[in-house]
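Since the structure comes first, as structure tokens, the remarks are kept for the end.
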Amino acid sequence: MKRIALFLATNLAVMIVFSIVLNIVYAVTGIQQGSLSGLLVMAVLFGFGGSLVSLLMSKKMALRSVGGEVIEQPRNETEHWLMETVSRQAQQVGIGMPTVAIYDSPDMNAFATGAKRDDSLVAVSTGLLHNMTRDEAEAVLAHEVSHIANGDMITMTLMQGVVNTFVIFLSRMIANAVSGFTSNDEEGEGEGGSFMTYFIVSTVLEIAFGFLASFLTMWFSRHREFYADAGAANLVGKDKMIAALERLRMGQESQLEGSMMAFGINGKKSLTELLMSHPPLEKRINALRQL
């Protein structure tokens, strides 16, 4: 419930800000709300713009949000092993050496992010390093490296941009029709009443459509997890990957949020699997056993 409430609150804030900004853009540019071509252009700009900016800033934002410390020069045997393992796996899949970081957290987790395959980040929690064997940790790293090699961050960004565009376009097209209908029925309210109707309806629809669209993006995220698991199995062997997932079943729920959670090794539980960024661990383990 906490995750769903946070999702709704975040989307509400984003949609309200978007509505205000887009209405200002309409006023400045003179584009009519009823112009479908103009609305589509604005929907594409805002729909893809936010996703692309988030992707480009993902490394810095991720490090700041978890308090991650980048390993510039390994200071101990664990950091040496971590750097060497990521470097070897990156060479195996043909990507540039990712930036490697460690963040302080009791949960066993790791995540990957970055705008390009050759300019990415792999971050590992202290809980994972302290509680997993080297074989298990190696499998987790292989999972994250596979996410990078598969281009999952870029693909997810493009998909989110398309989803955002449709959400914005459809909600505002419907809001425009509703405001036009009510303004004809209630001429006494004038332009102010029509604008408020448009603003309220578009905001509510953007929140509702955004929530429904999250089912699609979460499905895609779960789908990519199976591919990352399979990629890790190819790199280090499926027995190590299964052992890592078995270990995760004994750990606590992931503390990662947002896009980092989507590309972490372990996701959060939800009231329904449809709202989970990761498949249940049992399904992932069974899929690996069938390889």
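Don't overthink the numbers, they just go from 1 along the chain as shown.
Yeah, the Cβs are placed from backbone N, Cα and C, and that goes for glycine too.
Site annotation for Zn(2+) in Swiss-Prot covers HIS143, HIS147, and the matching candidate from GLU69, GLU72, GLU225 is GLU225. Here the transmembrane segment (151-171) has Cβ contacts under 8 Å with residues 18, 39-40, 42-44, 46-48, 50-52, 54-55, 58, 112-117, 120, 201-202, 205-206, 208-210, 213, 216-217, 220-221, 224, 227-228, 259, 262-263 of the same chain, all six or more residues outside its ends.
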